Structures are given as structure tokens and as C-alpha cells.
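S.K.: Just lifted these from Swiss-Prot, have a look:
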type   : residues : note
REPEAT : 51-92    : repeat 'ARM 1'
REPEAT : 95-134   : repeat 'ARM 2'
REPEAT : 138-176  : repeat 'ARM 3'
REPEAT : 178-217  : repeat 'ARM 4'
REPEAT : 225-265  : repeat 'ARM 5'
REPEAT : 269-309  : repeat 'ARM 6'
REPEAT : 313-352  : repeat 'ARM 7'
REPEAT : 374-413  : repeat 'ARM 8'
REPEAT : 416-455  : repeat 'ARM 9'
REPEAT : 458-497  : repeat 'ARM 10'
REPEAT : 543-585  : repeat 'ARM 12'
REPEAT : 634-673  : repeat 'ARM 14'
Amino acid sequence: MACLLEAPLRISVLSEVTATSRHYVDRLFDPDPQNVLQGVIDMKNAVIGNNKQKANLIVLGAVPRLLYLLQQSSSTLELRTECAVVLGSLSMGTENNIKSLVDCHIIPALLQGLLCSDLIFIEACLRCLRTVFISPVTPVQLLYTDPTVIPHLMSLLSRSQHTQEYITQIFAHCCKTPEHQTVLFNHGAIQNIAPLLISPSYKVRMQALKCFSVLAYENAQVSMTLVNVLVDGEQLSQVFVRMMQRDKPIEMQLTAAKCLTYMCRAGAIRTEDNCIVLKTLPCLVRMCSKERLLEERVEGAETLAYLMEPDIELQRIASVTDHLVSMLADYFKYPSSVSAITDIKRLDHDLKHAHELRQAAFKLYASLGSNDEDIRKKITETENMMDRIVSGLSESSIKVRLAAVRCLHSLSRSVQQLRTSFHDHAVWKPLMKLLQNAPDEVLVMASSTLCNLLLEFSPSKEPILESGVIELLCSLTQSDSSALRVNGIWALMNMAFQADQKVKVEIVRALGTEQLFRLLSDPDTNVLMKTLGLLRNLLSTRPHIDQIMSSHGKQIMQAVTLILEGEHSIEVKEQTLCILANIADGNTAKELIMTDDDMLQKIKYYMGHSNVKLQLAATFCISNLIWNEEDGSQERQDKLREMGFVDILHKLTQASDPDLCDRAKTAMQQYLA
């Protein structure tokens with residue numbers, strides 16, 4: 001019987017709750033304005049801390065009525081203010097609540113309310129707007145829809161500490177793109193917000209600081225302007241340095257360090273400046289220590305990784321600051337063993353941040369080890385480091401996988417590591433698995449790493465070859481992403497270097513001549529350069545040159561002609577002439593050049609070019625064609641003499657460039673022998 005009674009009981013309780021909520025909404029429609037005001041005040045008291053009540057009132061249609069009352073010119077200022085306060089309270093509920101408020105067009109209504117002159121009403125509207133805008137479900141673009149909004153918000157900054165706090169918080173949350181940065185910059189964000197950094201209110205100082213961190217991120221224009229800003233006679237960078245002092249709240253230290261990091265990365269502060277080397281870097285290393293909260297350690301590590309990414313000196317300094325390399329190993333120890341955690345909340349917290357910690361540690365290791373051999377050695381010798389990277393490659397979190405492969409890529413730049421750690425841990429296996437099915441950003445990093453693993457001195461090259469990687473790499477060359485096409489062809493180029501004939505034939509077969517020639521006309525110069533590099537490596541020993549040219553000679557000569565005639569860089573043309581020199585070294589392949597007078601004229605033209613690199617490559621080509629010890633050399637020498645090549649060679653023996661002069665003399669000796 002109890003089961004039968006339960007349902008009706010539930011319904012009656014629900015009806016009661018709904019009836020109470022309905023009563024609040026009904027009072028908003030009372031014809032007596034005084035009753036309406038009292039109804040709004042009672043509603044305000046009823047919803048404080050009561051998410052269920054908030055949801056009920058939203059479902060029952062309270063929001064459109066509150067917005068109507070807020071916008072009515074006939075409403076008293078007190079009523080309008082109370083409506084804004086209730087809406088602010090409703091917005092502090094769940095994400096669904098905020099979605100409903102946004103759908104009811106709360107944002108334009110509140111922005112309109114800011115045109116009122118009454119400060120208390122303005123503050124109530126701003127407080128609600130702040131809560132709505134900092135929610136992840138609110139489209140930030142809504143702040144920028146009406147072009148008059150940003151300048152009006154700037155003008156309200158001087159009204160009170162509350163307007164300063166709410167407006168800077170809105171800006172800090174809604175500045176997500178370079179376009180947003182530009183809008184705020186153009187409307188005077190820097191000069192309006194800078195004085196707030198010395199406000200007596202901590203909240204105002206903090207939000208102003210956050211504003212500068214999002215404005216300066218990857219923005220040279222903002223960063224260059226910030227360097228010259230004075231706040232109460234003090235340079236802004238020095239204000240940030242003061243905010244990083246150990247006695248300041250961690251949130252402030254971290255955000256100030258971010259501001260200086262972003263200004264440095266944007267080129268506004270030199271990496272060797274004291275405020276970076278002696279202040280920002282040590283502050284960020286401190287943020288990585290065990291004493292800090294997990295989320296602070298994540299932010300500290302990621303910011304530090306970004307700061308030193310392009311600078312080898314900062315990497316070296318960081319690697320010997322506070323045992324950073326071993327300190328980061330601790331990032332992998334979360335969540336702690338379950339038995340040691342009695343607090344379930346703590347376990348939940350650790351689990352939530354474990355992925356982020358691993359991701360941050362991998363990013364920082366990648367940045368630390370991107371240039372210096374000793375640092376890479378230090379990283380790989382850290383406890384279980386290679387095992388951690390390997391397991392990171394197969395984590396469920398895509399961000400951790402990306403950070404792990406980025407770390408692996410950084411370490412793979414080391415010849416020593418490729419020969420030792422990478423081989424010992426068979427890193428190529430999980431890497432190949434990752435390449436089978438991953439988003440493009442992971443594929444780009446994984447294929448870059450694979451390029452390094454396929455270098456001729458890498459012990460991983462052989463097992464990778466045997467695993468059927470050629471087909472995979474050929475498929476990458478057909479990608480829409482130019483970065484993936486570059487990496488696919490680059491890996492094939494490394495694979496073809498000093499490879500045996502079997503591998504070369506397999507590459508040509510798998511790639512297909514059509515695709516090879518498509519890559520030779522790729523709009524991306526990097527793709528073209530690597531494809532030429534592949535071709536040069538394929539055509540590298542006489543039997544290989546003759547075999548490939550016997551089956552694909554016509555198309556290769558055609559491609560060479562097109563490139564030499566086209567609008568290409570010196571590097572591209574030099575690489576193409578080197579391919580021609582390789583063809584000229586073949587036993588039978590050289591006839592493809594000798595029977596092509598048009599090609600010979602092109603070589604002649606490049607021997608007289610203003611660029612020494614092109615002259616060298618073209619002269620090398622002729623040198624190979626007239627080499628004495630080969631069959632038919634006399635006929636070739638005679639033909640080239642008739643075409644005027646000897647006169648050019650003679651002239652080049654007087655060249656100012658010693659290499660060109662030597663190469664021309666070597667060629668001339670073939671005629672004298």
C-alpha cells in the first residue's frame with residue numbers, strides 16, 4: 001500500500017510548491033503598483049539560495065514580466081531596481097536558468113537599463129549582467145552586438161567601485177578573440193582600466209589585472225601600448241612586478257605573471273629583461289610547487305611553458321630553478337591512491353584536475369626540452385618519464401594525448417634520445433597507433449615526431465618500416481591540411497634517404513606518380529620543397545636513378561621543366577637543379593637531359609644566374625654530364641662545347657665565390673684530360 005500512496009503524495013507536494021510559486025508570479029500582475037513592488041520584494045526573499053524556487057518561477061513565466069516592469073517608464077525607480085535584483089538572483093541559479101534568461105532577451109533589456117542616471121539601478125543591472133556574462137552558456141558576442149554598448153560601459157567606469165568591478169569582470173570574461181581585443185582597445189580600455197590597478201578595492205584591482213591579461217594575449221598592439229603606460233607615475237610593468245611579490249594573494253601573483261608573459265611573447269618586453277628573468281619566471285616556477293592548489297599548479301605550468309617556448313636561455317634558467325624538472329614529476333601522482341583518501345570530495349577534486357595536471361606537465365616538459373640536449377636528458381631520466389609519456393599517448397583525454405605527443409616531439413629532436421630512450425621504450429608502437437585515428441591537431445604532432453623517428457640514425461626506423469607505415473604516410477599527403485601534407489611527404493623523404501631499392505620502389509608505388517606530381521604543384525612551398533627532397537633522395541644512386549627514370553623519366557623531366565620555368569623561390573629552384581644533377585649522374589638517365597636541348601638551355605641560363613647557389617647546382621649538373629670515365633662522355637663534351645658551355649665554365653673559373661670557382665675548374669679538367 002505504501003507504494004500506492006507515494007505517487008499522489010508526491011503530486012500534492014509538487015502542486016503545493018507550484019501553487020506557492022504561482023502566487024509570487026500572479027502578484028506581479030496586480031493592478032496596484034504598491035502590491036507589485038511588495039510582490040517583487042517577497043519574491044527576492046523567497047529565491048535567495050533556493051534553486052528549486054528559481055527554476056519554478058522561471059518555468060511559470062516570471063522573467064518576461066520582470067523584464068517588462070524593468071523597462072516600463074511608468075515603473076518607479078525602486079520597482080525597476082528590485083526587478084533587476086531579482087533577475088540577478090535568478091541568474092545565480094543553474095546553467096539552465098541562465099539559458100532561459102538569455103532566451104528571454106535579458107541582456108538587451110539590462111544594457112538598455114544602463115542608460116538610466118540612477119547609480120543604484122545601474123549597479124543592480126551591471127551585477128546581473130556580470131553574472132549572466134560569466135556563465136559558459138552565454139554567447140559573449142551579445143556584448144558586442146550594439147556598437148554603443150562598449151563606449152557606454154567605459155563611461156560608467158568612473159561612477160563607483162561597484163561599476164568598476166562588474167564592468168572589468170564583464171570585459172575580462174567577454175574578450176575571447178583578436179576582434180574583441182581590438183574593439184576594447186579602440187574604445188580606450190587601456191587608459192580607462194590602468195588607473196584601476198591602484199584602486200583601494202582588491203576586487204577592482206584583480207578584475208582590472210585580469211582584463212589586461214586577456215587584452216595582451218598574443219596581441220602586439222596592446223602589449224606595445226602597455227609598456228608605455230604610467231600608473232600614478234610608475235611604469236605598468238613595474239606595477240605588475242609589485243603584484244607578483246610573495247605577500248600578494250596567489251591569484252594576483254599568477255595573473256600579473258601572465259600579463260608580463262603575454263607582453264614578453266608579443267615582443268614588448270625582451271626575454272632577458274630583469275622583470276622576466278628575475279621576477280616572472282621565478283614566480284611561475286613557485287606556482288608549480290606542491291604548496292599550491294592543483295588548479296594554480298596547472299595554470300602556473302601552462303603559463304611558464306608559454307613564456308619560455310621560443311627562448312633557449314629562459315629554458316636553461318627554468319631547468320635549474322627550484323628543481324623544476326623533478327617537481328613536475330609530482331604532477332603525475334594524482335589522484336592519490338584511493339585508500340589514502342578518506343575525503344570523497346578531495347578524491348573528486350583530484351580526479352577532476354588529474355588530466356589537467358598531466359597535460360600541463362607534458363606541455364612544460366615539451367617547452368623545457370625543445371632546444372637543449374642536457375635538459376632533454378634530465379627530463380628522460382626523471383622517474384618513469386618515458387613510461388608516462390607512452391601511457392599519455394593512449395589517454396582518454398584528447399588534450400592529454402596532444403600534450404604527451406608534443407612532449408615526445410620535443411624530446412625526439414635529440415639524436416641521443418632517439419638512439420636510447422625512444423628505442424628502449426619502443427615509443428614508435430603507441431605513436432603508430434595514435435596515427436591510425438586521431439584529430440588533425442594530434443595527427444600533425446604525431447606525424448612530426450614520426451619524421452624524426454625515421455631519420456637514418458634512429459633505431460626505430462627499421463621496425464616502423466616493417467609495420468606498413470608507407471601507406472599511412474601516403475594517405476597523409478592527400479590531406480586538406482597543408483601541415484599534414486608536409487609531414488607525410490617529409491617522413492617519406494627521411495625514409496627514402498639512403499634506403500635500399502625495395503623501399504624506394506614501394507614508396508613510388510604507394511604514392512603513385514599522379515600524386516607525386518600533384519605534390520610538385522602544391523600551393524604550399526613547404527610541401528613542394530619536401531617533395532623535391534623526396535625525389536632527390538629517390539634518385540640517389542646510379543642503379544636507382546636509372547631504374548626510376550626508365551619508368552617515370554618523362555613525367556619527372558616535365559615536372560622539373562615546369563618548376564624551373566615557374567615563379568618559385570631560389571631554394572625551390574636550387575633543389576630542382578640538384579635533382580637534375582642527380583639525373584645527370586645516372587648511366588642511362590643522363591640521356592634524358594642530353595636529348596632535351598630546351599633543358600640544356602635552362603641549365604646554361606642558371607649557370608649565368610646572379611645567385612651563386614643556382615650557379616653551383618647548374619654547374620654540378622654539367623660536371624656530371626661531361627665526366628670522363630663514363631661511356632659516351634666524348635660525344636656529350638662535344639655537344640656541350642658547341643652549345644657554348646665551355647666558354648661559360650671558363651668564365652666561372654674566375655668567379656669570386658671559391659666553391660663555384662672550384663666546381664667550374666673541376667668541370668674544365670674533364671675537357672683537358
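Cβ from N, Cα, C; glycine included.
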S.K.: Treating G and I as helix alongside H, and B as strand alongside E, what does DSSP give for the repeat 'ARM 12' (543-585) in helix, strand and coil?
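M.R.: Reading the DSSP string over the repeat 'ARM 12' (543-585) gives 38 helix, 0 strand, 5 coil.
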S.K.: Tell me the residue counts in helix, strand and coil for the repeat 'ARM 9' (416-455), as DSSP assigns them.
M.R.: 31 helix, 0 strand, 9 coil
S.K.: Please give the sequence-distant neighbours of the repeat 'ARM 12' (543-585): residues at least 6 beyond its ends with Cβ less than 8 Å from one of its Cβ atoms.
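M.R.: Residues 501, 504-505, 508, 513, 517, 520-521, 525, 528-529, 532-533, 535-536, 592-593, 596, 598-599, 602-603, 606, 611, 613-614, 617-618, 620-622, 624-625.
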S.K.: With DSSP as the yardstick, break the repeat 'ARM 3' (138-176) down into helix, strand and coil residue counts.
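M.R.: Helix, strand, coil within the repeat 'ARM 3' (138-176): 26 helix, 0 strand, 13 coil.
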S.K.: Quick test of the contact rule: Cβ under 8 Å, at least six residues beyond the ends. What residues does that give for the repeat 'ARM 3' (138-176)?
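M.R.: Same-chain contacts beyond the flanks: 98, 102, 107-108, 111, 114-115, 119, 122-123, 126-127, 129-130, 132, 183-184, 187-189, 192-193, 196, 199-201, 203-204, 207-208, 210-211, 213-215.
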S.K.: I'm checking region-level scores; what's the whole-number mean pLDDT for the repeat 'ARM 3' (138-176)?
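M.R.: The average pLDDT of the model in the repeat 'ARM 3' (138-176) works out to 97.
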S.K.: Sort the residues of the repeat 'ARM 14' (634-673) into helix, strand and coil with DSSP and give the three counts.
M.R.: 32 helix, 0 strand, 8 coil
